[in-house]
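Since the structure comes first, as structure tokens, the remarks are kept for the end.
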Amino acid sequence: MGTAKLPALLWLLAGVVLALAVNPAHGAKTRHYDFFITETNYTRLCHEKSILTVNGQFPGPTIYARKGDLVIVNVHNNGNKNITIHWHGVDQPRNPWSDGPEFITQCPIRPGGNFTYQVILSEEEGTLWWHAHSDFDRATVHGAIVIHPKRGTTFPFKKPDKEIPVILGEWWNDDIEHVLDKAQLLGGDVDPSNANTINAQPGDMFPCSRDDTFKVAVQQGNTYLLRIINAGLTNDMFFAIAGHRLTVVGIDARYTKPLTVDYIMIAPGQTMDVLLEAKRTLGSNSRYYMAARTFITLPLDTIPFNNSTATAIVEYTDSVTARPVGPPEFPVQLPAIKDENAAMAFVTQLRSLGNQEHPVHVPTHVDEHMLIDIDINVLPCDPTNMAEKCKEGPQGNRFAASLNNVSFQSPAIDVLDAYYYSSGHGVYEEDFPNKPTAFVDPPVNNGSGPLMTKRGTKVKVLEYGTVVEVVFHDLSSENHPMHLHGFAFYVVGRGNGTFDESRDPATYNLVDPPFQNTVSVPRSGWAAIRFRADNPGVWFMHCHFDRHVVWGMDTVFIVKDGKTPQAQMLPRPPNMPQC
């Protein structure tokens, strides 16, 4: 049942209340940004093409704020296609209207139109990011969100001498819209990108790239905070810096116990705050590669994939220790493309900080248990024009994906409006299953090919305050980065093989598990998360491999209003885009 409707005048009043609520006396501010979506020519790998950008920048502008601020972003669509923007990892308390996923919480912003997002920062502190949430547009429409501690507080680690956003991404020589259209027409997988990138540059190992390679100037003895974001569409990535170790101090804008490692593995959608100490041996090399390499779990002979390594250069510039030399040193500790043991060894070491200023509150009593199978499937081809369709699909079908054997179908109007106006009937069904409709054990398809699934717009409705445990159970042969809008969650467990309800919960970490918004579920394995459904609204959950979103590896949580005004969804803004 939807929330009661309020006229525009009451929305204006609610906006005043909202500003007061997020700007109390402790010094939080309202910050304003204008984003202009435009087509801009860029050249990479000797190819020039027109791409969608924000303010002509690729990556887009960085948003700077402090914990608890309100960020107002007016998005002007001067491009040639519909678009929306999502504020990835921002909980948006009571405010799904500004969350951004197309046809989930809003209709897209049409060319020539604009929409003003109210980005409510609450408990987030660290690095997040924003990106387009329509089609494959986020390949070039994305940027960092840097959230500093509240005034009067500081980092729970030594203050860095400098902060550096490091955005990992991908570049296609072809128009990204053509890449998506081709895959949908032919029913096959998406063509792999032509290069991985670091801050939109592939690095000097690629043609026509040497002069523009991203460089980081450092001085001996200084500490640098790298704000690392995986903005890629299709790949997990390993990241390392030659001659240096890295200390992870945060993930998804929540602090972690300091973890010093030789490399990190970061999934699409995830962010990590990493300290780099510039401590090289005197007289040694003064130039070092930072490198980002694809991590893939699929059999390498099954699909085309991007086997590239993006590079940037860390250069010591202080006169006492620096000496120009030949080529930069390469990070020999960077794991191989299919090193699953290295990936698991890294992610299982992450722990929440859990101090007095940043406590851990893991729910110990669970109200709603969900076991969600993740799978790659097929759907029948459109019987019309068979000569052109499904030429590249498996066994004459087209690729699909599912959660609990339901391949999500986006509605013609957004789910949030349908819920708000109590008109969900005919738009969505409230029967997303808590368990798989067809359970497969062992969690592989035994080489017989993908299984047929079914389409549906099924959502899961939760009472306000419900404690939810979701066990993601991966039936496929690749990892899946599962992202939940509107919440951070505790990753209480993970493992290989089939999840055992009688045995595996005993292995959970309920003391200091990492607090994330995106979790990498291991292939043919499982990951368990817990969260409290105390944010009323409509919230998307999906794989952050974008082709899997298009294929249907998604669902929606609807969290009902609580009893008090502070536990109820904000009213609908009067200027929402129309479908």
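Count begins at 1; order follows the chain as displayed.
Quick reminder: no glycine exception, Cβ is built from N, Cα and C everywhere.
According to DSSP, His544 (Cu cation 2 binding site) sits in a coil region rather than a helix or strand. Residue density at His544 (Cu cation 2 binding site): 26 other Cβ atoms are found within 10 A of its Cβ, drawing on all protein chains shown. Swiss-Prot lists His88, His131, His544 with the feature Cu cation 2 binding site.
DSSP gives His480 (Cu cation 4 binding site) a strand state. Residues or ranges marked as Cu cation 4 binding site in Swiss-Prot (evidence: similarity to another entry): His480, Cys543, His548, Met553.
Per Swiss-Prot, domain 'Plastocyanin-like 2' is recorded for 162-319. The average per-residue pLDDT of the prediction over the domain 'Plastocyanin-like 2' (162-319) is 94, rounded to a whole number.
Sequence-distant neighbours of Asn41 (N-linked glycosylation site) (same chain, 6+ apart, CB under 8 A from its CB) are Glu48, Lys49, Ser50, Ile51. A strand conformation is recorded for Asn41 (N-linked glycosylation site) in the three-state DSSP classification. Marked as N-linked glycosylation site by Swiss-Prot: Asn41 (among others).
Around the Cβ of Asn82 (N-linked glycosylation site), 18 further Cβ atoms fall within 10 Å across all displayed protein chains. Positions annotated as N-linked glycosylation site by Swiss-Prot: Asn82 (among others).
Mapped onto three states, the DSSP output places Asn114 (N-linked glycosylation site) in strand. Neighbour list (Asn114 (N-linked glycosylation site), Cβ cut-off 8 Å, at least 6 residues apart, same chain): Asn74, Val75, His76, Asn77. For Asn114 (among others), the entry in Swiss-Prot reads N-linked glycosylation site, with the evidence type sequence analysis.
The N-linked glycosylation site feature in Swiss-Prot is assigned to Asn307 (among others). Take the CB of Asn307 (N-linked glycosylation site) and look out to 10 A: across all protein chains shown you find 12 other CB atoms.
Taking the Cβ of Asn405 (N-linked glycosylation site) as centre and 10 Å as the limit, one finds 20 other Cβ atoms among all the protein chains shown. The secondary structure of Asn405 (N-linked glycosylation site), as reduced to three states from DSSP, is coil rather than helix or strand. Positions annotated as N-linked glycosylation site by Swiss-Prot, on the basis of sequence analysis: Asn405 (among others).
Per Swiss-Prot, the feature N-linked glycosylation site maps to Asn446 (among others).
Around the Cβ of Asn496 (N-linked glycosylation site), 13 further Cβ atoms fall within 10 Å across all displayed protein chains. What Swiss-Prot records for Asn496 (among others) is N-linked glycosylation site.
Apart from the site residues His480, Cys543, His548, Met553, the chain places the Cβ of Ile374, Ala401, Pro481, Met482, His542, His544, Phe545, Val549, Trp551, Asp554 no farther than 8 Å from the centroid of the site's Cβ atoms, the recorded Cu cation 4 location. Taking the centre of the Cβ atoms of His88, His131, His544 as the Cu cation 2 site, the nearby residues of that chain (Cβ within 8 Å, site residues left out) are His86, Trp129, His133, Arg138, His142, Ala231, Pro268, Gly269, His483, Thr518. The distance from the Cα of His131 (Cu cation 2 binding site) to the Cα of His480 (Cu cation 4 binding site) comes to 19 Å.
When the recorded positions Asn82, Asn307, Cys543, His544 are compared by Cα distance to Asn405 (N-linked glycosylation site), the shortest distance belongs to Cys543. In this structure, the C-alpha atom of Asn496 (N-linked glycosylation site) lies 13 angstrom from that of His480 (Cu cation 4 binding site). Set side by side, the binding-site residues His480, His548 differ in how many other CB atoms lie within 10 angstroms of their CB, and the most is found at His480. For Cys543 (Cu cation 4 binding site), the nearest neighbour among the listed recorded positions (Asn82, His88, Asn307), judged by C-alpha distance, is His88.
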